[in-house]
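These features come from TrEMBL:
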type	residues	note
SIGNAL	1-29	signal peptide
DOMAIN	92-127	domain 'EF-hand'
DOMAIN	131-166	domain 'EF-hand'
DOMAIN	227-262	domain 'EF-hand'
DOMAIN	272-307	domain 'EF-hand'
Amino acid sequence: MMSRQAFLCSLGSLYLSLLFVFLLMDVYARPANNSALKEKLVDTKDENEILPPDHLNGVKMEMDGHLNKEFHQEVFLGKEMEEFEEDSEPRKNRKKLMVIFSKVDVNNDKKISAKEMQRWIMEKTDEHFQEAVEENKMHFRAVDPDGDGHVSWDEYKVKFLASKGFNEKEIVEKIRNNEELKIDEETQEVLDNLKDRWYQADNPPPDLLLNEEEFLSFLHPEHSRGMLKFMVKEIIRDLDQDGDKRLTLSEFISLPVGTVENQQAQDIDDDWVKDRKKEFEEVIDANHDGIVTMEELEEYMDPMNEYNALNEAKQMIAVADENQNHHLELEEILKYSEYFTGSKLMDYARNVHEEF
Ligand SMILES: [Ca+2]
Ligand SMILES: [Ca+2]
Ligand SMILES: [Ca+2]
Ligand SMILES: [Ca+2]
């Protein structure tokens, strides 16, 4: 005989299956407008997923002008980033790192050269890009519920405002009747920025309709030349104090205008200033004339730039190259694993030795 609990349980799952069938029927009954179910699916995810992400993987600078602290890890681990973070078991991470090492070491001489690391960085950067393309497919479906392959600015605006808690139906109605939307100042500012970006992502003809590819460059400006320029312009605008559209070191080591309240905290944050100074002088200012131009910043931020990847490779090797042979051996990578992967693995090795 079935226990009472098991009976209730199967009754519950029967109910759920029926509910699901009804939901499906409801959707198929209205093929022209199946946005209801999709919205439900979207709601369960991050509410901001249709917004351009704040952080771009594999790009050296954040859109707010801060240096990307995890850049090394992103170009070394690729899409395995999360796996490394989530798995706190050092033994497993150590194994993963050894597997990565053997993959980077293409000629199998048990050491990684700058060329090998450069090739690896390019490969991992491409991995981040492919991930963005896949995610974009999903996000595009969410903003293009009727599936005609184009999203208008108004359609996107509605989705954006809905994600901010506005009533979607009301917004649609008001836009249709040309009524005022009554949006708070902060949201309006975000919306204005998004619209600028939307214009930039819209290739000719300028109809404010984005297809999937244009929408990708809207969400991920790092992989489109035009959008990269736009992103660089915005960063310079935020950091440039005298309005000459170029950055001096002192402009670069100040926080963006509008975050003045952080100035005091920043003054005492020596490391922050030191890191930025080093990056400005040694890397971004390519011709070392003390000025960073838009072109220099654009080159610096371009994730597909092979020259940058080689520089990065050399920098990564220099950090851990204890025996000074301009190559990385497995032991060196393990010792500096925190730099490459974000997790300490050498301490673990030492502990194991002590244990036995
Ligand atoms: Ca090698
Ligand atoms: Ca300036
Ligand atoms: Ca320069
Ligand atoms: Ca070495």
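Just so it is clear, glycine is given a Cβ too, placed from its N, Cα and C backbone atoms.
For the domain 'EF-hand' (272-307), the residues of the chain that approach it from at least six positions outside its boundaries are 58-61, 67, 118, 122, 125, 128-129, 222-223, 228-229, 231-233, 235-236, 245-249, 252-253, 266, judged by C-beta separation under 8 angstroms. Regional average pLDDT for the domain 'EF-hand' (272-307) in the model is 95.
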